[in-house]
Structure formats: structure tokens, C-alpha cells
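Engineer: Take this structure first; my questions come after.
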Amino acid sequence: MEYARLGDSGLKVSKVILGCMGYGSPEWQGWVLNEEESLPLIEHAYNKGIRTWDTADMYSHGKSEEIVGKALKKYNIPRSRVVILTKCYFGVDDQGNFPSPLSTGRQNEGDYLNRVGLSRRHILEAVDASVERLGTYIDVLQIHRLDRETPREEIMRALNDVVESGKARYIGASSMAAWEFQTLQNIAIRNGWHKFISMQNYHNLIAREEEREMIPYCLDSGVSLIPWSPVARGALARPWASRSTLRENTDAGISILVRARESESDKAIIDRVEELADKKGISMAQVAIAWSLSHPSEYPIVGLNTKDRIDEAVASVQVKLTPEEIQYLEEPYVPKAIHPGER
């Protein structure tokens, strides 16, 4: 594994980041692994050099964070050896249930009143809960989405206070318009507060709209990209016609973000990923990850549900695509409308 600095900070992360959304409870989403299945995978990733782990409070309603914390204790992993990222914004069930991420915890009302969004109250309470579940501090606290109802200065002041408290070391953001991200950064600069060092956005071979504004802004301003779903929720990891996997059938995100917008362009790109993978004797996922890694200051977050896939992801760091191969993969791309899930 190779490591690089995250944004303009001194913090170094593994170039492939372990995505922990798939570690939690299958009661939340059918494709998610339970604790017993998840823990050995986290240990294996650590032993293979993936020392940066990304989770969120809403993943399996806190269970994912608990599993990350348990992995540290169970395998006696020194806290100083890993970088832990988590997120806040969405509501987390506090009754021990696992309601669907599409049905609850998205609106600041009812049982989730003041438990959704980025008000000062919710940020501080969410951070306290995450620290308790993880059993340790947070390296990078990310805002999962932008709360457009809360004053932006309130958001940035609260995030600054979290860092100053020591409960988080840095802050990052995820999935918003470039101009919105810039306004938040400008507020931090104007007040001498901590700035975001990372942007977790949706960027892969079949979703490249972030290349228009967000990515150029981030590179110009010293912010690293840590894209979520670099293999398009698995669509780039298997042939076009292969749609019988558990995740394909139980992850609503695939139908919303990928299948509902798929086009002949997507098919052409996926066919070329398969062709190039066969030519190089590697997996399709490795081609997609290598494409992401070919961009400056971009370190993809990859969900990995077997030890073999962890090994593949680690090996993908050594896969170097030529400029001609990159052009061949990108050539069929056709612009897409932004889905609300990306904002």
C-alpha cells in the first residue's frame, strides 16, 4: 500500500480507503455484512496496509461505527496506526432498530426533530455519539451532506469547535455543489477557523460531472478527493449483463444512481473496462480503482466484502494505466444530469 497527504494537511492516508458502509447489520440493507463477518475483514485490510477507514453514524444506525471500534480492541490495533473518518448529518435510530436509509432519518421533523442536519446542537450531539461508539477520537469528521436550512456560519463554527475540543482532528465534506463548498471554506478562512481538507464526492468512470467544477476547485485550493463508489456500486466491477449479485438486488442506491440513468454510453464504458481488464489479466474493479488513482490527490473509498477483494484493491495501487488506456476508457462518456442523491 502507498500513502499520501490528505489535502493541505499533514495527515497521511492510504491511497485506497476502506469503506465501512458494508459492515453493520443486514437488517439495515440486505447486502451488509454482520459483525462476525466484518471484523476479520477489517483486520485483514489493516494487515495489508489499508490503514484508513471511512464510516458514518447513519451506516446501520451506528452499528458500523461500533464494529470499527471493536476491531481496534479485538485485534489490539494501536489507535495511532489508523486513520478513522466518519460523518454526521442524517438521523440515527435510537431504539435499536434498523429502518431503511430511504425511509427515515432524512427530514428534521417528528421523532427526528433536531436529530437531522447540521445545526450546532446536532453536530455536537452526533460527534459525542460517534466518539462513544468508536471508543476513540475521530481523525476526519465529514459533513455527510449540506444542511441548506442551517446558517452556514453556524455549521462552520460548530465544526471548528469540534476540532478545538479534540474530538476530531480535521474536517471534511461530502456531496454538494462546488459553489456551496467554496462558500463554507470562505467562511472558515474569513474567521480563521479550521478548513475542510477533503471532499467525498461521487466520481467514477460512468459519473464524471464533478470534473466540471468541484474537482478543479478542490485541486486549486488544496483539498483532496476521496470519492465514494469508485466502482459505481459494483456496476464497473462486473460485465454489463451481470446483475444477479446480492447487492444488485438489495441496494437501492444501485437502481437510483446507476440503473435509472444508465445509457449506451455506460454500456460502452463498462465493456471497455472488461476488455482492458482481460488484456491486463486483472479484475474490472482494479481497472476502475486504477482509473480513480490516476487523478492527482484522489484516493477512492472502496467497499470490500471478502479478503480476496481486499487483496485486489491493495494490488490496484500498482496498476498504472497509460494515457492511451485512460483516454480509451473515458472516450464514450456522455454527460449526465445530477441526481439529488449526489447533493
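Every residue number used here counts from 1 along the chain in the order it is shown.
Heads up, the Cβ atoms here are built off N, Cα and C, so glycines get one too.
Just lifted these from Swiss-Prot, have a look:
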- Tyr59: active site, proton donor (ACT_SITE)
- His144: substrate binding site (BINDING)
- Ser229, Pro230, Val231, Ala232, Arg233, Gly234, Ala235, Leu236, Ala237, Arg238, Pro239: NADP(+) binding site (BINDING)
- Lys87: site 'Lowers pKa of active site Tyr' (SITE)
Engineer: List the same-chain residues at least 6 positions away in sequence whose Cβ sits under 8 Å from the Cβ of Ala235 (NADP(+) binding site), in sequence order, or say none.
Structural biologist: Ile206, Ile254, Val258, Asp266, Ile270
Engineer: What binding-site residues among His144, Ser229, Val231, Arg233, Ala237 are found with a C-alpha within 10 angstroms of that of Lys87 (site 'Lowers pKa of active site Tyr')?
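Structural biologist: Within 10 Å of Lys87 (site 'Lowers pKa of active site Tyr'): His144.
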Engineer: Select the most exposed residue of His144, Arg233, where exposure means the fewest other Cβ atoms within 10 Å, treating these as the binding-site residues.
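Structural biologist: Each of the binding-site residues His144, Arg233 was scored; lowest Cβ tally within 10 Å is His144.
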Engineer: Counting Cβ neighbours within 10 Å across all chains shown, tell me which of the recorded positions Tyr59, Pro239 comes out on top.
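Structural biologist: Highest number of other Cβ atoms within 10 Å: Tyr59.
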Engineer: Please name which of the binding-site residues listed here, His144, Ser229, Arg233, Ala237, Pro239, is nearest in space to Tyr59 (active site, proton donor), Cα against Cα.
Structural biologist: His144
Engineer: What are the non-local neighbours of Ala237 (NADP(+) binding site), defined as same-chain residues 6+ apart in sequence with CB under 8 A from its CB?
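Structural biologist: Listed in sequence order: Val231, Ser283, Met284, Ala285, Ala288.
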Engineer: Counting across all protein chains shown, how many other Cβ atoms sit within 10 Å of the Cβ of Val231 (NADP(+) binding site)?
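Structural biologist: Its Cβ shell of radius 10 Å holds 26 other Cβ atoms.
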Engineer: Applying a 10 Å Cβ distance cut-off over all chains shown, what neighbour count does Ser229 (NADP(+) binding site) have?
Structural biologist: 24
Engineer: How many whole Å apart are the CA atoms of His144 (substrate binding site) and Ser229 (NADP(+) binding site)?
Structural biologist: 14
Engineer: Name the secondary structure element type, per DSSP in three states, that contains Ser229 (NADP(+) binding site).
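Structural biologist: Coil, per DSSP.
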